[in-house]
Amino acid sequence: MSNPSLSLGTGLFSGITKLCKGLAVILISGHIVVHLFPSSVTYLALIPARTIPFAWNLITAGYIEQSVYGVVVSTFGLLFIGKLLQPIWGSREFLKFIFVVNFLTSVCLFITAIALYYITRQEIYLYMPLSGFHGVISGFLVGIKQIIPDQELPLLKIKTKWLPSIAILLCIAISFWTLEAAAYLPTIISGTYISWIYLRYWQTKPETKHRGDPSEDFAFSTFFPEILRPVIDPIASIFHRLLCGRSDVSDDAQSYALGSEPLPGSDSIEASRRRERGARALEERLAAERLAAARSELQRDASENV
């Protein structure tokens with residue numbers, strides 16, 4: 001089957017789902033609230049020193065953008081990446097992914113801030129309000145890497161599997177010049193790693209009843225250049241055993257086992273099926289957008305002729 005490309009041409013604003021539009025309204029509304037009522041940041045953003053009485057901040061902080069730049073990037077990322085992921089995952093799984101990544105990213109930020117305070121004894125880490133949807137946007141890039149890893153971006157000719165790594169590297173580079181980018185960095189790194197853990201180990205696949213993605217194409221080392229993978233793989237396997245308490249990748253990997261030996265090529269078969277599903281869904285969406293654009297053009301010509 002043909003391999004569709006990510007098109008930024010005709011139909012850019014078509015195909016955006018109602019769920020993504022609703023979530024975008026929440027992001028914009030949250031920004032307006034904190035702009036009109038600055039004191040609301042205390043109750044909605046994550047302030048580590050006040051998280052114990054205001055524990056709900058671990059959930060609300062992810063939907064509050066304090067800057068115009070942040071709300072614009074997060075809204076566009078949600079609308080245009082979300083319209084690719086939601087049809088493939090389904091609305092329920094899409095919402096579950098957002099909630100889990102948002103919550104666990106906030107937990108990671110809380111732990112990081114507390115650790116930095118004890119290391120440096122600087123109270124700024126306890127009272128700096130942390131918030132933003134960019135952790136989930138980073139997670140969406142990991143989802144794109146999983147579903148259509150070999151797609152090339154128009155003009156840039158960069159494969160989508162490198163998007164999460166490029167986003168982190170850009171944020172690291174920019175953080176040397178601006179403090180605001182440095183504030184985004186922990187959220188982006190946490191969102192990327194948490195989303196990979198979710199998709200690698202936890203995500204349920206209704207069509208197979210299995211969990212996670214055990215394919216080698218989605219291993220943690222694939223976020224790094226190939227020259228570094230022999231070093232990354234042993235380290236990643238140690239953390240895997242610490243986190244999971246076993247050496248097999250997931251329940252999905254177990255289901256491919258025959259006795260104690262995995263079926264040869266099972267990881268590559270699953271990866272191939274995943275890529276085919278993602279490419280098919282993307283191709284169908286692009287075809288629908290082109291058809292809608294053609295119908296609109298025909299209606300416009302007909303009205304002009306009348």
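In case you wondered, yes, glycine gets a Cβ from its N, Cα and C as well.
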Range among 67-85, 276-294 that TrEMBL annotates as transmembrane segment:
67-85
How about long-range neighbours of the transmembrane segment (97-119): same chain, 6 or more residues beyond its ends, C-beta under 8 Å?
23, 46, 48, 51, 57-59, 61-63, 89, 125-126, 128, 130, 133, 135-136, 139, 143, 186-187, 190-191, 193-195, 198, 202-203
Grab the same-chain neighbours of the transmembrane segment (160-177) for me: Cβ-Cβ under 8 Å, and only residues 6 or more beyond its ends, written as numbers and ranges.
6, 138, 141-142, 144-145, 148-153, 184-185, 188-189, 192, 196, 222-224
Apart from its near flanks, which chain residues at least 6 from the ends of the transmembrane segment (67-85) lie with a Cβ under 8 angstroms of it?
12, 15-17, 19-21, 23-24, 27-28, 31, 94, 132-134, 136-137, 140-141, 143-144, 147, 180, 281-282, 285
